[in-house]
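Features as listed in TrEMBL:
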- 24-46: transmembrane segment (TRANSMEM)
- 66-93: transmembrane segment (TRANSMEM)
- 114-134: transmembrane segment (TRANSMEM)
- 146-175: transmembrane segment (TRANSMEM)
- 187-206: transmembrane segment (TRANSMEM)
- 251-274: transmembrane segment (TRANSMEM)
- 319-346: transmembrane segment (TRANSMEM)
- 366-388: transmembrane segment (TRANSMEM)
- 409-435: transmembrane segment (TRANSMEM)
- 441-462: transmembrane segment (TRANSMEM)
- 482-505: transmembrane segment (TRANSMEM)
- 511-528: transmembrane segment (TRANSMEM)
Amino acid sequence: MSKTWKVIRIMLKMQYTSTSKNSYAWLYIVAGLFFIPFLGLIFTLYNNLISAIYNVFAPLQQQSMILGLLFVGISIILFITCIVSVLTAFYFADDVEAYIPFPLHPYQILLGKAASPLIYSYLLSGITYLPMMIIYGNISNGSILYYIYGILLFILLPVIPFVIASVILMFVMRYVNIAKNKDRSKIFAGVFSLAAVILINVIVRLNTDESELMESIGQMMQQQEGLLQWITYFYPPAWFSANSLHQAESITGFLFIFLMIILSGLAIILFALLGQKLYLKGVLGMSSGGSGKMSKKKLDKSITSQPIWKSYIKKDLRILLRTPTFLTQCVVQSLFMPVFLLVIFFLDFGSGLTGNITESIPEKNILLILFIVTVFMVSINMTAATAISREGKTWKANLFLPLDQKQVIHCKLIVSYLIGLLPMILLFIIGIIIGLPIKVLMLWGVVFLAINWFSSCIGIILDMNQPKLNWTDEQELFKNRFVPFFGFLMQVVIFGLITIVLWSIDLSNVYLLAVILFAVVLLGIFLAHRYMYKRINHQVFQEINF
């Protein structure tokens with residue numbers, strides 16, 4: 001067992017320890033200060049939501065359904081995210097086969113590789129589960145046992161979804177020959193996460209009869225904890241977890257939490273046993289990739305003389321679109337929200353639900369809502385925040401290209417800007433479907449073009465100040481860095497405050513509002529460019545190291 005812990009500790013050190021000599025502790029301090037109001041906002045939203053639902057269902061003795069929804073929802077989210085993280089960490093990381101010659105059992109390597117995806121799952125659970133658990137306990141006057149069980153469940157919560165995702169992938173990788181299609185397999189794993197959520201939403205919405213649903217809910221409400229049973233019917237661990245908290249003060253709650261501990265322990269044992277038999281058989285041969293063929297026409301076209309900056313942009317786009325991790329994290333992830341909204345509104349089209357939006361919301365508020373949604377979407381786009389880090393150990397080659405430093409940065413800005421335009425197209429389609437005023441959409445489009453460039457500048461500045469070039473796995477750029485989150489937090493907080501101020505003042509002229517928003521963003525672009533050029537003039541390329 002001591003050898004297993006050593007393997008886990010070594011793998012975590014290799015993945016999380018920074019080799020850079022530069023200290024950017026101030027970034028974490030500032031990010032922490034920005035995170036305080038953001039954390040307060042999360043608690044406020046959770047508190048309002050849970051309080052409203054609790055006040056409705058508590059008189060009916062069905063308030064436990066909130067806990068059922070909580071555990072089912074988080075388990076689904078964890079399962080979907082684990083598919084990508086597990087596949088990448090277990091099979092597609094560059095250092096996987098390097099551990100095979102060591103005197104280690106397969107399950108020991110597997111447990112070591114599982115540490116990083118589990119940490120990510122715990123962070124996700126901490127953001128979603130812990131605030132809701134605390135708020136529900138405060139509203140329901142939970143006892144000390146409630147909070148003790150709640151902490152225990154936080155430790156156990158990611159285990160079963162993680163094991164289910166891992167076992168499925170181990171069987172697939174063992175018995176399905178995808179070694180020749182390694183790159184496609186990576187892309188499939190990322191796109192599957194997006195498609196699964198959308199497909200579930202479509203199936204549920206198309207096969208749900210509102211009258212039958214209401215009748216079924218009515219019948220369940222006649223039973224003791226009927227809604228909880230109905231919600232957790234297909235996932236028993238959620239039933240056990242919810243009951244352990246709901247009945248924390250009785251012996252029943254203790255039995256349920258004890259049962260969850262046993263189930264989680266059995267899941268870990270199953271994970272280790274199957275890993276011992278299946279893991280290495282799935283890993284061997286994964287280093288091979290697919291080979292593509294190029295026609296003579298394409299070959300002639302690819303060697304045609306063209307401007308160096310154009311070639312550089314094409315090179316960056318190819319790396320972005322052909323590297324599965326970059327594609328899923330930088331492109332697919334930024335499209336998740338607009339695609340999900342597009343499906344929802346498209347299925348509701350003609351039902352009357354979306355037809356009255358423009359009548360009930362003033363144009364000023366519509367523009368502000370679109371603005372803050374835009375800020376959120378462009379700030380979570382990781383393309384700019386990894387523009388330099390994506391180069392990895394090949395970054396120094398930029399010093400010898402026939403491009404000056406400004407041209408290299410401008411090319412990376414253009415690539416980030418082009419990727420950021422994709423959500424705009426989908427949002428524009430959504431606006432047309434739900435009948436938003438064309439003039440508001442046009443004004444928003446102009447503001448979007450500006451905010452997209454500003455967000456790209458911020459991402460590149462942050463990546464320029466603290467790049468991560470010495471990575472062995474592409475996932476390290478997205479899971480082990482605080483810089484992209486800091487950029488997201490900074491933009492959301494600053495523009496969120498501006499939106500609140502403009503929302504509260506008496507300003508009904510939508511054209512004037514658009515001019516104000518555009519001017520604010522232009523000011524931000526001016527300041528960002530000034531700082532960026534100042535850094536470039538100080539030979540920042542030579543300062544960037546491994």
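Note: Cβ is positioned from N, Cα and C throughout, glycine not excepted.
Panel annotation: around the transmembrane segment (146-175), residues 71, 74-76, 78-79, 82-83, 86-87, 90-91, 114, 117-118, 121-122, 124-126, 129-130, 133-134, 137, 140, 237, 241, 244-245, 248-249, 253, 257, 260-261, 263-264, 267-268, 270-271, 274-275, 278-279, 281-283, 286 of the same chain, lying at least six beyond its termini, place a Cβ under 8 Å from a Cβ of the stretch. For the transmembrane segment (441-462), same-chain residues at least 6 beyond its ends with a Cβ under 8 Å from one of its own Cβ atoms are 27, 367, 370-371, 374-375, 378-379, 381-388, 409, 412-413, 416-417, 420-421, 424, 428, 431-432, 483-484, 486-487, 490-491, 495, 510-511, 514, 517-518, 521-522, 524-525, 528-529, 531-532, 535. Counted as Cβ pairs under 8 Å, contacts with the transmembrane segment (482-505) are highest for 366-388 among 114-134, 366-388, 511-528. Outside the transmembrane segment (366-388), and at least 6 residues removed from its termini, the chain residues within Cβ reach (under 8 Å) are 316, 320, 326, 329-331, 333-334, 337-338, 358, 395, 412-413, 415-416, 419-420, 423-424, 427, 431, 436-437, 440, 443-444, 447-448, 451-452, 455-460, 462-464, 467, 469, 477-478, 483-484, 487-488, 491-492, 495-496, 499, 502-503, 510, 513-514, 517, 544. Residues 364, 367-368, 371, 443-444, 446-447, 450-451, 453-454, 457-458, 461, 498, 502 of the same chain sit 6 or more residues outside the transmembrane segment (511-528) yet have a Cβ under 8 Å from a Cβ within it.
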